[in-house]
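K.L.:
Encoded as structure tokens, here's the structure I'll be asking about.
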Amino acid sequence: MTSQAAHATQQAQSVRQDRPCPAVPPGTTIGFIGAGNMAGAIVRGAVAAGLTQGQGAARLLVTSPHGSAAALAGELAGQGVEHVAQAQDLVHASDVVVLGVKPTIVPVVFEQLREELAERRALVVSLAAGLTLARLEEMLPEGARVVRAMPNVAAAVGASMTALAASSRASEEDLALVEGLMAAVGRTARIAEKDFSAFVGLAGSSPAFVFTFIEALARAGVLAGIPKAQAVDIVTQAVLGSALTVQADAGAEDGRTPTDLVDAVCSPGGTTVAGLVAMERAGFSNAVIEGVRATVARDHELGA
Ligand SMILES: NC(=O)C1=CN([C@@H]2O[C@H](COP(=O)(O)OP(=O)(O)OC[C@H]3O[C@@H](n4cnc5c(N)ncnc54)[C@H](OP(=O)(O)O)[C@@H]3O)[C@@H](O)[C@H]2O)C=CC1
Ligand SMILES: O=C(O)[C@@H]1CCC=N1
């Protein structure tokens, strides 16, 4: 395991301690096609959450063409994760097939595995941006059961916000199974499928927006004379603390809204209001809203 992956796993374990251990039906075999950022995070999260241990342990299979699946299985050797060289063999052995490939590769994979998917009738789980349940069903053999899941990169530290929606042929048990799997990497929410594109803007893609904000804030710190590493550390804690404050207030009886919280920081004639007005003059809120609008539009394009 790389030191980065080890650190991510350690972080994920500490975040996970606050949540109940997720569950999937005993003995379920889950096959992952693709083992990159997202599938890798889910597999690591499932292992860290204990899904592959004890009585009724799940079996996790991984496959990919250029070595990422073999590397993942090597990293998690002896922990219930197996590398399968051929995707066809993986489908034959799986109750659930998770597609962890880029949206443009999904049709290619479905075409390659058409026969096996028709025979095995596994539950298909797509992580792909853009591809709607209707589009996925069109590409799959008649009668396929499909669940869409939209996690985010914070899955790597057990803090994803994952949306879920099921096709009409998928059962409540199917959806609950995917919910159990995705609970290993963070929180889940069942949402109407029509809202998936907006969800991508708010949670699937938004970590990149927040990372950019953190970077910009830290750079401003460097401009003011603080060393970069220290600036990043300071900003990260400030952003984390702000998010936790919003979350705590949202759960409280007389909880304040984000607008109330802004007002609570802005002393009349003080530093914050001066900064905020300057940021809005430069188009801060509009930039964020336009960014989300472009994300939603691109999600629609990918599904067309
Ligand atoms: N990254 C993110 O933050 C998020 C991603 N998603 C979705 O998750 C999906 C995966 O994204 P991400 O994990 O970032 O992608 P990565 O590029 O990190 O991983 C893609 C994986 O696909 C594999 N792959 C490529 N071609 C094939 C093929 N023909 N057959 C089987 N496997 C193949 C690659 O294997 P190898 O390297 O061995 O070639 C690799 O393991 C996407 O659909 C994306 O929309 C959803 C939410 C957030
Ligand atoms: O940009 C992408 O395609 C993926 C989907 C959500 C986050 N990243």
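All residue numbers here begin at 1 and follow the chain in the order shown.
A Cβ is built for glycine as well, from the same backbone N, Cα and C atoms used for every other residue.
Note that the coordinates shown come from a computational prediction; the quantities given were computed from them, not determined experimentally.
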K.L.:
Of 1-23, 254-276, which range does TrEMBL call region 'Disordered'?
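P.N.:
Residues 1-23 are the ones TrEMBL records as region 'Disordered'.
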K.L.:
In the domain 'Pyrroline-5-carboxylate reductase catalytic N-terminal' (29-130), how many residues does DSSP assign to helix, to strand and to coil?
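P.N.:
Taking the domain 'Pyrroline-5-carboxylate reductase catalytic N-terminal' (29-130) as a whole: 44 helix, 21 strand, 37 coil.
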K.L.:
Which residues, in sequence order, are found in the same chain with Cβ within 8 Å of the centroid defined by the Cβ atoms of Ile33, Gly34, Ala35, Gly36, Asn37, Met38, Ser64 at the NADP(+) site, excluding those residues themselves?
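P.N.:
Here the non-site neighbours turn out to be Phe32, Ala39, Gly40, Val62, Ser68, Ala69, Gly100, Val101.
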K.L.:
Which one is it: of the binding-site residues Asn37, Ser64, which Cβ has the fewest other Cβ atoms within 10 Å in this structure?
P.N.:
Asn37
K.L.:
Under a criterion of Cβ-Cβ distance under 8 Å and sequence separation of at least 6, what residues of the same chain contact Met38 (NADP(+) binding site)?
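P.N.:
Set apart from Met38 (NADP(+) binding site) by at least 6 residues yet with Cβ under 8 Å, we have Gly100, Leu127, Pro151, Val153, Ala155.
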K.L.:
Mind checking how the domain 'Pyrroline-5-carboxylate reductase dimerisation' (193-302) divides into helix, strand and coil residues in DSSP?
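P.N.:
Looking at the domain 'Pyrroline-5-carboxylate reductase dimerisation' (193-302) with DSSP, the answer is 92 helix, 0 strand, 18 coil.
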K.L.:
Compute the average pLDDT of the predicted model within the domain 'Pyrroline-5-carboxylate reductase catalytic N-terminal' (29-130).
P.N.:
97
